[in-house]
Amino acid sequence: MAVPAEILERIQRLRREIDEHNYRYYVLDSPVISDAEFDALMHELRDLEARYPETVTPDSPTQRVGAAPADRFRKVPHAVPMLSLDDAFSEAEVREFDGRVRRQLGLDASPEYVVEPKMDGLAVELVYEAGRFVLGATRGDGTTGEDVTANLRTIRAVPLRLRPAADLPERLDARGEVFMTREGFAALNREREAAGEPPFANPRNAAAGSLRQLDPAVTAARPLDIFFYGVGEIRGWRPQTHWEVLEALRRWGLKVNPLVHRAQGIEAAIRARDRLAAQRAALPYEIDGVVIKVNRLDYWERLGTRARSPRWAVAYKFAAEQAVTRILEIRLSVGRTGAVTPVALMEPVRVGGVRVRRATLHNEDEIRRKDVRVGDWVLVQRAGDVIPEVVKVLAERRTGAEVPFVMPRTCPVCGSRLVRGEGEVVWRCPNPECFPRLVRRVVHFASKGAMDIDGLGTKVAEQLVGVGLIRDVADIYSIEMSDLLSLDRFAERSARNLLEAIERSKATTLERLLYALGIRHVGEVGAQLLAAHFGSVEALMAASEEALQEVPGVGPEMARSVAAWFAEPANRRLVERLLAAGVRPAPPAARAGAPLSGKTVVFTGGLSGLTREEAKRRVLAAGGRVASSVGRGVDFVVVGERPGSKLEKARRLGIRVIDEAEFLALLEGTED
Ligand SMILES: NC(=O)c1ccc[n+]([C@@H]2O[C@H](COP(=O)([O-])OP(=O)(O)OC[C@H]3O[C@@H](n4cnc5c(N)ncnc54)[C@H](O)[C@@H]3O)[C@@H](O)[C@H]2O)c1
Ligand SMILES: [Zn+2]
């Protein structure tokens, strides 16, 4: 299959760009894009190469490590190549890694692993001959590094002589990561800013920039540290396991991270990673994940390496707090104070460990300043529990089809003209009832007698409306886990409970749905009368005001209100969206067999065990109807304390009269 020209062009362009960024990152220590943006480019290239394998060349960045050494340093070949690591971002991917290892080795059980913090710094190799430090180099492009011996000597944690030991190898290529503590990084940047120098973007770049200096005196003044995590070539010693290597390094005086762990099988390794993740924020240095390595070295040999990475290890990375995705739509939300906030709806993307599809754009000025357009590729960020935000637009990925955003002048909820105070950045809906009315509508919709969505009370409704997740009640059915997790009220569990309650509410009854819509003059009883008479939303939608008036028990006011409500196109659309979302209102007849199926009940007098509202609800739930007056067609009159004239009338008409206990028994279905 021939590769389309535009694909080939895109691949070549991606390679050029990635090479340039690698150069800036590894050689100049001064990246111009974030890691998330860089990873997105690599991802795209990897996907294209996977689809068109014939385009893969050995010099593609997907096949290589780092970047060639800078000319200002003497070049040092590595006896054993220094590779990169494969990434995994989920437990599933880590288990796949384990699966591949087991398959290749023909193992029945998951092998022993070593789990190590993945230091975010730069990789170096230090050559010790007869215990003396003789040569140190950066990773470079994996086969050739840069000579930074003099600079490494200035790091206090680097021993110039190993501790004497009987098993000291003749030659040891010790590998480790040079890093800077958070504190050291902050102090260095303070100094630089005071001196008018540009600050480093992060501790990783600061460490790399500090080590890769021509003048070792500069390096000496920088707070660098090192942890060792492995070896290249060794002469005169044959370890059996990686763990043995780590212990030996430590014994010989090379710093090994004390948080390294052995784990029996991949599940134990995943648990060790979770424990480290919990400690992460409290560590004095930055880690960007863990490295999981097969422990037995004979397995390493059998597993071997790929061009860029070994098959015996995987970097299980922590979720990145930034990601790249595309804006599909810009929507407005109305908050409690009437403030109108633009929100970006995006192609879903994982950020900070959760799926994100909405990000705040703050206000009109921010959109203009960042020049955010619909269709743009953007960098989004989600740090901790804060609402995701759009950091910037990737203008170089524009095609010309992007649509600039025009701030609407009317409220998306109530249609009022928006206002903006002198010197203010925020547009507001001036209608003081706008937000509270929508919240009340949502709460009513979710209430017990209506759709009965447990957990959707006033507080939650205010929050969902406030962030623009709900602009009408049909929006309730498109809420996703990720939407809830980005709000501060929700933990995984409460989010799951609410989503389950929303899902359950779809299987409802016609009368509940009608009542939930909040049509004026349509209470529970009215809804029940309409449901019984029409049997479906469609029939009700098609009914004329006259037809409505003919329904027994429906007065002219209710008829008018219902007809007017369904005449409104926005309301019809709302109902259609609810049905399309999967709301299934069962007609009353579908519940034949329920204890009060087809029966009409009238209440008179006060009940002792439950309120009148509850009693009505239970009748509806049992398939019955509640009427407000005694007449033909009424099956039972429930008599409580101090009954009114209804009792007399019932007796006169020969309608069955029951007390509260009998009523309850009837509901239970234990009496007919
Ligand atoms: N922003 C940019 O322009 C830009 C450019 C290039 C690369 N990058 C970033 O650099 C990263 C890729 O770099 P990489 O190829 O070095 O891969 P990597 O950092 O993902 O993994 C390999 C490296 O992990 C390090 N490491 C730390 N602890 C270790 C341990 N205990 N055992 C073994 N190794 C350990 C070693 O230095 C090793 O070389 C990505 O996060 C990418 O976003 C960014
Ligand atoms: Zn409004």
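Placed from the backbone N, Cα and C atoms, the Cβ positions cover glycine too.
A TrEMBL annotation is a machine prediction, not a hand-curated record.
Quick caveat, the model's predicted, so the values are computed rather than measured.
Per TrEMBL, active site, N6-AMP-lysine intermediate is recorded for K118. Positions annotated as NAD(+) binding site by TrEMBL: D35, A36, E37, F38, D39, S84, L85, E116, R139, E177, K293, K317. The feature Zn(2+) binding site is assigned by TrEMBL to C411, C414, C429, C434. If you look up TrEMBL, you'll see 591-672 marked as domain 'BRCT'.
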Exercise. Check the binding-site residues D35, E37 for other C-beta atoms within 10 angstroms of each C-beta and report the one with the most.
Key: E37
Practice problem: Compute the centroid of the Cβ atoms of C411, C414, C429, C434, then list the same-chain residues not in that set whose Cβ lies within 8 Å of it, in sequence order, for the Zn(2+) site. | Solution: V334, G338, P412, V413, G415, S416, L418, P430, N431, F435
Quiz item: Those binding-site residues, D35, D39, C411: which ones have a Cβ sitting under 6 Å from ligand 1?
Solution: D35, D39
Quiz item: What number of additional C-beta atoms lies within 10 angstroms of the C-beta atom of C434 (Zn(2+) binding site)?
Solution: 23
Self-check item: Length of the line joining the Cα atoms of C411 (Zn(2+) binding site) and K118 (active site, N6-AMP-lysine intermediate), in Å
Solution: 50
Exercise. Report the DSSP secondary-structure composition of the domain 'BRCT' (591-672) as helix, strand and coil residue counts.
Key: 29 helix, 18 strand, 35 coil
Quiz prompt | Nearest of the recorded positions (D35, E37, K118, K293) to C414 (Zn(2+) binding site), judged by Cα-Cα distance | solution = E37
Exercise. Could you round the CA separation between K293 (NAD(+) binding site) and K118 (active site, N6-AMP-lysine intermediate) to a whole angstrom and send it over?
Key: 11
Practice problem: Compile a sequence-ordered list of residues in the same chain as C429 (Zn(2+) binding site), six or more apart from it, whose Cβ lies below 8 A from its Cβ; state 'none' when nothing qualifies. | Solution: V334, G338, V340, C411, V413, C414, S416, L418, F435
Exercise. Round to the nearest Å and give the CA-to-CA distance linking L85 (NAD(+) binding site) with the residue listed as 'active site, N6-AMP-lysine intermediate'.
Key: 11
Quiz item: For the residue listed as 'active site, N6-AMP-lysine intermediate', which residues in the same chain are close in space, meaning a Cβ under 8 Å from its Cβ, but six or more apart along the sequence?
Solution: I287, D288, G289, V290, V291, A315, K317
